[in-house]
Amino acid sequence: MCIPQENKYPNKTLLQITSSNYTLFYRIFQFIGLLLICSVYYWIINYRGGFSLTKAKLIPNWHPIFMTIVLIYLFANAILHYRSFRDTKRNLKYQHAIFFGCIIIILTIAGIATLGSKRFRPLFTNPAIPNLYSLHSWLGIITMAMLLLQFASGFWIYLYPTVAAQYREIMMPYHVFFGVSSFVLAIASGGLGFCEKMIFSLYREYEQFPGEGIIGNCIGLLCIFYGVLVVYMVTKPEFKRCPAPEYQPLI
């Protein structure tokens, strides 16, 4: 099943129910995503000292907010783009590709900034914390690599004009599977990242249930719940986009 077409259901009952359900889930999805971003911003402003481009201790604070916006919120919106809006198939493809292209560019900048901040770490951590040794780092790198491969393969298969339609149809299930898998890895990496930040920042104080620790745990749980909601919306058969001559906005 999928989001039905109006001409197939003259009484519009099933269409209205399915569209209404998706609209409700979409609004919840957007609310939780924005709440997650605001929660990370609140945590950094009130407990981590805020943001700065010049103060060495505050430069790493850009990493969690950028990754939350790009690798979780925008990534989720890009995945649900086909289900949320109606347009010609070609336009949806271009919009989907532009969405992911922007995500990759911002991710690259954020990744370089994070790795480049290593030279500042001796100023506020002694000894300096090395790069790329934790599971959070490994999952982040794997997620970015999968995104790059997804973007390159998707661009060639679905936007390159000489690729036969039969091959596009064959590859679609794999494209969807690896896209959702990349998002799940992004959620896992984000949850581990928040936990890692709490441990490094609070040390033994984390055991005493401080306010920052509770907020950090709540952010991690919110991140996981957001990921579960997105996967549910992507995999629910009733929410799948049906081909139609014309697409009208659903929400």
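Counting begins at 1 with the first residue displayed.
Every residue gets a Cβ built from N, Cα and C, even glycine.
Per TrEMBL, the features are as follows:
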TRANSMEM  24-45  transmembrane segment
DOMAIN    28-235  domain 'Cytochrome b561'
TRANSMEM  65-85  transmembrane segment
TRANSMEM  97-117  transmembrane segment
TRANSMEM  137-160  transmembrane segment
TRANSMEM  172-194  transmembrane segment
TRANSMEM  214-234  transmembrane segment
Close approaches to the transmembrane segment (24-45) from elsewhere in its chain (Cβ under 8 angstroms; 6 or more beyond its ends): 51, 61, 64-65, 68-69, 72-73, 76-77, 80, 84, 212, 215-216, 218-219, 222-223, 225-226, 229-230, 232-233, 239, 251
Dominant neighbour of the transmembrane segment (137-160) in 65-85, 172-194, 214-234, by Cβ pairs under 8 Å: 172-194
Overall pLDDT of the domain 'Cytochrome b561' (28-235), taken as the mean: 87
